[in-house]
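See below for the structure under consideration.
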Amino acid sequence: MNLAPTKLTDEERNLQTEVRAFLDERLPPGTYPLGLGMAGDVDPDFSRDLAAQGWVGMALPTEYGGGGRTAVERQIVVEELLTRGAPIGFHWTADRQSGLNILHNGTEEQRRELLPGIARGEYSFAIGMSEPDAGSDLASLRSKAVREGNTWHVNGTKIWTSGAATATHILGLFRTSDDRHGGMTQFIIPAGTPGMRISPIPFIDGTQHFCEVVFDDLQLSDAARLGEVGAGWGQNTSELALERGGVDRWMSLMPILERWATTETVRDSAAAQIDLGRILARLWAYRGMSLSIARLVDAGRFPVVEAALVKEMATQFEQESLALVRRHYGRAPSLNSADPWEALLAQAILVAPSWTLRGGTTEILRSVISKGLVQR
Ligand SMILES: Cc1cc2nc3c(=O)[nH]c(=O)nc-3n(C[C@H](O)[C@H](O)[C@H](O)COP(=O)(O)OP(=O)(O)OC[C@H]3O[C@@H](n4cnc5c(N)ncnc54)[C@H](O)[C@@H]3O)c2cc1C
């Protein structure tokens, strides 16, 4: 495995400056609910405004309304958004993975219908993979799609579906035959399709992004199928690789770190300065690794193992960094504090255990990494 060091070019730095200027204007501090990285607030207006700048769907080809930009350029935009705790929840999943999945596996009709809406920031996707008895062991999922003529009948339950209540589409993985890995197929289900019941599962911090989605004889035409019947496992695995490599996996804490670095706690304490230095050094290293992964993607490679490695290390780093900030803070922060930063710190403490779960648990990633390295 070789993650070659890389730097931003002058053009890439110009993009960074442009994004910063736009966000200074569009998101002045105190005018929006601060979010923890990719768990940022859902704000369709902000998603559309960002899209109008050409910064949603950047990786999609221009013929489908996308930006035709590089993975590095997308990372530059993403870094700026996450650093500010921006309200990116509405477009996030579609921008990061569903659009590319549709581009690679969809029919021409699906591409023409869905990709421009994603690039305009108008479509919001939720991903229905996990089930009550199939999380890490996704191949044991039981929700079924059964074909009768041109109609698929969908039954079963999905769980932990982030953003399902506000999504315009759910991209779900369903069992279409008994073949363990070869018997799963993906379907694109528009919100409001009869036969779908979405209930929020209140998260530990009081938010309601998490959902249970029950399908009760939901009927879909064959045009809703994404890719070949039985190709769902491979498509889903490729999508997970897109989910794991990016900076969004480990930049949850940025608004907290930025503010903490300027507080008295750090100014007046040598021990806190040493810890801040340690955090920054590691942050810079992970940032370099994610950038190298983006360069590999731009060179046409598919760095699945590298992405899993960064997620495994960097999500634990996030939790360790939070533990340090919390220790130096010296008292229990309140979720109801009038200071949005303190409330965000309290929220982070509550949800931090989920950072090493979402997108694949640490144990599962270790298995992906070790198998990948043995095969090289
Ligand atoms: C914030 C958050 C957002 C999420 N959003 C979504 C979403 O939008 N869509 C979606 O489909 N899912 C989502 N998930 C679900 C997430 O992907 C699953 O929680 C995850 O895959 C683990 O599944 P599980 O919770 O069923 O745990 P289990 O699979 O029951 O695992 C429990 C523990 O056992 C370990 N374990 C399991 N199998 C093995 C093994 N073979 N070897 C070693 N250890 C093992 C796991 O690592 C874990 O520590 C989300 C989860 C979180 C926390």
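Cβ atoms are placed via backbone N, Cα and C, with glycine included.
Predicted, not measured: the structure shown is a model, and the values here were computed from it.
Sequence annotations record features per position, and here TrEMBL assigns domain 'Acyl-CoA dehydrogenase/oxidase N-terminal' to 9-122. What TrEMBL records for 126-217 is domain 'Acyl-CoA oxidase/dehydrogenase middle'. Look at TrEMBL and you will find 259-373 tagged as domain 'Acyl-CoA dehydrogenase/oxidase C-terminal'.
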Composition by DSSP (helix, strand, coil) of residues within the domain 'Acyl-CoA dehydrogenase/oxidase C-terminal' (259-373): 90 helix, 0 strand, 25 coil
The domain 'Acyl-CoA dehydrogenase/oxidase N-terminal' (9-122) - residue tally per DSSP class, helix then strand then coil: 71 helix, 0 strand, 43 coil
